Structures are given as structure tokens and as C-alpha cells.
Amino acid sequence: MKAPPGPFQPGFFRSPIRGPWLTGVLGLILLVLTAIVALTGFLSHIAYMPDLPGNAIVPADKDFPFTFDWPTSPTYLYAINQSLHTNVGLMVIPFLLAKLWSVIPKLFQWPPVNGPTQAIERLSIALLVSSSVFQLATGVMNAQYWYPFKFNFVVAHYYGAIVFVAAIAIHVIVKMPIVFRARRDREWMKPIQADMDEPTISRRGLIAFAGAGAGVLLLGNVGQSIGGPLRKTALFAPRRDSGFPVNKTAAAAGITPEMTGASYQLVLRVGDRVTAFTREDLLALPQHTATLPIACVEGWTTTQEWTGVKLSELARRAGAPDASQVLVESLQEGGVLRRASLSADQIAAGDAMLALKVNGADLSPDHGYPARVIVPALPGVHNTKWVGEMTFTA
Amino acid sequence: MRVWLAHLIFLPLAAWALITVLDFRAASNVVLWLVAAVIVHDLIIWPLYSVADRAGRLALPGPRINYIRVPAALSLLLLVVFWSTIRGKGAGTYTRVSGLEWDGYGTRWLLVTAALFAISAVVYGVRSRTGRQPAL
């Protein structure tokens with residue numbers, strides 16, 4: 001069968017810099033970057049502690065049983081994790097574009113397959129390209145609050161990540177020998193192919209070009225992960241305009257002044273035992289102050305000084321001094337993430353508290369008035385705001 | 001052998017993830033997006049930038065093209081990756097959840113684009129003056 005015209009014809013691709021050395025170097029860079037992004041992604045999944053009641057977004061019977069108690073120290077652990085996940089994820093994009101450019105002639109090889117080995121390899125390459133672009137596109141859209149898709153982002157991004165990891169594992173096993181061979185044969189010393197066009201950029205120049213792309217994307221976003229005065233340098237990040245961003249406003253959560261007014265009571269439960277506190281009661285308990293970050297899964301961070309009642313104190317007053325877990329529920333009447341469970345370690349952590357004040361003033365309605373959870377190194381949305389009930393398990 | 005074992009270990013894992021995600025809401029939409037991801041890159045993004053680059057090389061032969069190519073590509077990369085913020089696609093959701101207005105991203109992108117070309121022009125000027133070959 002004759003090759004179709006255009007890119008299927010030999011001699012169609014004219015750049016002399018394509019070859020195993022360029023593709024191999026871009027591949028190694030991508031391997032390191034995507035390993036960081038995938039690892040931090042799966043760690044974030046574990047940080048949500050899906051085995052505690054109400055925490056799982058992907059049901060346990062459709063998930064791997066790989067979890068561990070997420071630590072509460074250092075306090076910025078989750079902030080670092082998500083800063084790496086989102087910012088390194090952005091840096092992947094230009095290197096992936098360069099890598100795909102370097103191998104695009106293979107897409108148009110003729111005949112399309114030379115036997116079963118190549119057929120299955122092309123299938124796994126299709127999965128790799130598809131899942132890479134899918135993960136980057138959905139991640140970028142989620143961090144920018146754009147939801148043009150109908151599926152649940154968390155669910156699709158999680159299973160998409162598993163497809164990606166499987167596909168890249170195959171790719172590394174199949175292609176790594178070519179990378180080693182290019183190194184052994186000193187491919188970079190060889191002249192570029194002479195029968196093609198004059199190059200307009202060197203191989204190193206192209207890698208630097210992709211690196212510059214990674215640099216501008218990083219500079220456009222990383223300020224919101226660092227916070228402080230550098231927040232304003234994040235020219236294209238959504239969370240650059242406020243030093244103390246709000247993830248969800250009281251209005252968006254359906255919290256009304258009546259719910260948080262004079263009739264407000266915090267209800268603590270242990271089995272059948274019920275204890276209730278007004279906000280004045282809570283302010284009369286021993287107060288603790290700590291400077292802790294809130295770190296969003298989307299990669300932005302803010303560090304503030306919180307004052308409130310230690311969770312261990314509340315556990316003791318509720319009648320469960322050695323509580324193994326607590327389910328914290330917001331006054332919100334609906335919506336995902338209106339409740340979250342905390343582990344024994346998180347209740348016992350020295351700085352873990354039900355905050356009543358921030359930076360010396362009462363919490364604002366948008367920051368969770370009358371009371372909100374703050375636990376070191378906890379994913380942002382698990383620091384439940386407008387806390388109405390806490391059910392301890394002794 | 002290595003190739004087949006790699007596929008036999010990891011393709012079932014990928015298939016498990018794809019079949020499992022079909023149990024969730026709007027699963028057909030996930031499949032559509034996965035297929036579209038390949039098509040968008042291989043049959044839209046790559047051909048478009050290749051044609052644009054070819055046109056640029058015809059107009060400006062030799063390595064001088066890089067003084068246009070690099071800032072233009074960086075500007076386009078910012079535009080595509082931050083499309084949602086620059087075009088205000090997520091503005092409704094953002095204002096509802098954060099209580100803030102979403103403004104100024106599009107005009108900032110224009111200024112950043114101007115700055116990228118200005119940096120390129122300075123590098124070109126310095127390299128031409130010092131007699132260093134204006135190439136990458």
C-alpha cells in the first residue's frame with residue numbers, strides 16, 4: 001500500500017535536530033518532573049485520609065488501600081506538597097510540548113504498524129499522550145475555577161493519574177535502553193543530519209527554549225504558593241488579589257447571620273453523651289495561639305495567627321480524652337466537604353484548635369465565624385468552617 | 001519480551017482505572033475528553049504552531065527567527081495555559097466562592113507580551129553590537 005501524501009511521505013519532516021539525544025534528554029527531564037507531580041498528587045490523596053468517615057471522595061471499594069496517618073508536622077508539609085504539585089505541573093507543559101514535537105514524525109509512520117509488538121506499543125503511547133494532556137488540562141482548569149466538563153474533577157483527575165502512571169511505566173521500561181544507547185554512543189557529539197534543512201536552533205537551544213517556557217509559567221503562578229509580599233508577583237494566578245484568601249464565602253456556603261448569631265451552640269458528642277457550648281463558653285475556656293498556614297489543594301497558601309481552644313481540650317471536655325477520631329460538621333446544610341474527619345494524631349497535635357479569632361480579631365463570616373478548625377499540615381478544605389457539631393469516637 | 005511484560009503488567013492497571021471511572025457521573029464525558037486530548041494536540045496544536053513557525057522562517061530565514069519565535073511562543077504559552085484567568089472563564093465561580101472580583105488578567109498579559117519582546121530586542125541589540133552571532 002502506498003503511503004498517503006503529506007506527513008506520511010519520507011522527507012516531509014525537515015528539522016535536523018530531532019533524534020534520540022534530544023528526545024532522550026527531554027524524556028529524562030519529563031520523567032523527573034512528572035515523578036514529582038504524580039508523587040505529590042498521590043500524597044495529597046492520602047493527606048485527605050480517605051479511610052476516616054466522610055473523607056473519601058472516591059469510595060473505598062473503588063480505590064487502593066494505600067493510606068497512612070498524614071503527619072501534623074512540619075506545619076507547612078501540605079503547603080509544600082501542593083506548591084510542588086501545581087507549580088511543577090505547570091512546568092511540565094512546555095517540556096511535554098517539546099517532547100511531542102521531537103517525536104511527531106513517528107505519529108505518521110507508514111505502514112501504521114509493523115506487527116503486534118508495535119501495535120501494542122502504539123496503543124500504550126496513545127494512552128500516555130492522552131492521559132498526560134488530560135491531566136494537565138483538567139488540573140490547570142480546576143486551579144483556575146473553569147469547569148467546562150461535566151465529570152467530577154477529583155474523580156477524573158485521580159483515575160486519569162493512574163492511567164498516566166501505568167502508561168509512563170510502560171514507556172520508561174520500553175524506551176530507557178534507547179536513552180542509555182544514545183549516551184553510550186555519544187549521540188550529542190555526532191553532527192546533525194546533513195540531508196535536511198539548516199537548523200535555526202540548536203538541540204541545547206530547544207531544551208533551553210522549553211526551560212524558558214517552564215520559567216514564565218512558574219513565575220506567573222508561584223507567588224500564590226509562597227504568599228506574603230511575593231503573592232502579587234503571580235501575575236496570572238487566581239489567588240493574587242488577597243493576602244488572606246477565602247476558599248468559600250459564607251454566602252456561597254448558605255451560612256446566614258441567624259445560624260451564627262446568639263442562638264449558636266457548638267454541640268460535642270461522644271456516644272450518647274452530648275455537651276453544648278455557646279461562643280462565650282468557648283471564649284471562657286483556655287485559649288491557645290499559633291501561627292499556621294492554610295494550604296489549598298489548588299496550590300495557594302496563606303499563613304495567619306489563630307487563637308482558639310485546643311482540639312485536645314475539647315475532646316477532654318466532651319468526655320473522650322483519648323479520642324481516636326472526630327467527625328467535624330459545618331452548619332452548612334449541603335454541599336461537598338461540609339464535613340471532615342480528623343485522626344487521633346490530628347486531635348492531639350499541640351497547635352490543632354477550634355479557632356475563634358484570627359490575628360487577634362474575631363473570625364469574619366467568610367473565614368468561618370463563629371468557630372473553625374485549624375490543624376497543622378491539614379489539606380485546606382478539611383479545616384472545616386462554621387463548625388456546628390463534633391462527634392468524637394472514644 | 002521486556003516490551004510484552006511491561007504491557008502485560010501495566011495495561012491491565014490502566015484498563016482497571018478506565019473501567020472504574022466509568023462507574024461515576026458523566027463517564028462518557030471523561031472518555032470524550034481523553035480522546036479529544038490526543039486530537040487537540042496532534043491534529044490542532046501541533047499543525048497550527050508548525051504552520052506559524054514555517055511562515056516565520058520564510059519571512060526571516062536563519063537563526064534570527066529566534067528573536068521573534070521565543071517571545072511569541074512564551075506569550076502564546078501563557079495565553080493558552082492561563083486562558084481561563086486571562087479570558088475570565090472562571091470568573092463567575094471565582095467571585096461566588098472567593099467574594100472577590102476577577103479583573104486585570106487580560107491587560108496584564110498584553111503588558112507581559114510587550115515585555116517579552118522588549119527583552120528579546122535588548123538581547124538582539126547587545127549581541128549585534130558586540131559582534132556576537134545573533135543566534136541561540
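Indices start at 1 and increase along the chain as displayed.
Each Cβ is built from the backbone N, Cα and C atoms, and glycine gets one as well.
Over in TrEMBL, the protein carries these features:
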TRANSMEM  A:21-43  transmembrane segment
TRANSMEM  A:84-104  transmembrane segment
TRANSMEM  A:125-146  transmembrane segment
TRANSMEM  A:158-180  transmembrane segment
TRANSMEM  A:201-222  transmembrane segment
DOMAIN    A:256-393  domain 'Oxidoreductase molybdopterin-binding'
Exercise. For the domain 'Oxidoreductase molybdopterin-binding' (A:256-393), what does DSSP give as the number of helix, strand and coil residues?
Worked result: 29 helix, 58 strand, 51 coil
Exercise. Near the transmembrane segment (A:125-146), which residues from the same chain, at least 6 beyond its ends, have a CB less than 8 A from one of its CBs?
Worked result: 34, 86, 89-90, 92-93, 96, 100, 153, 156-157, 160-161, 163-164, 166-168, 170-171, 238, 298-299
Problem set entry | For the domain 'Oxidoreductase molybdopterin-binding' (A:256-393), mean pLDDT (0 to 100) | 96
For this session: Mind checking which residues of the chain, 6+ beyond the ends of the transmembrane segment (A:201-222), have their Cβ under 8 Å from one of its Cβ atoms?
Result: 17, 19, 21-22, 25-26, 29, 83, 86-87, 90-95, 97-98, 188, 192, 230, 233-237, 299
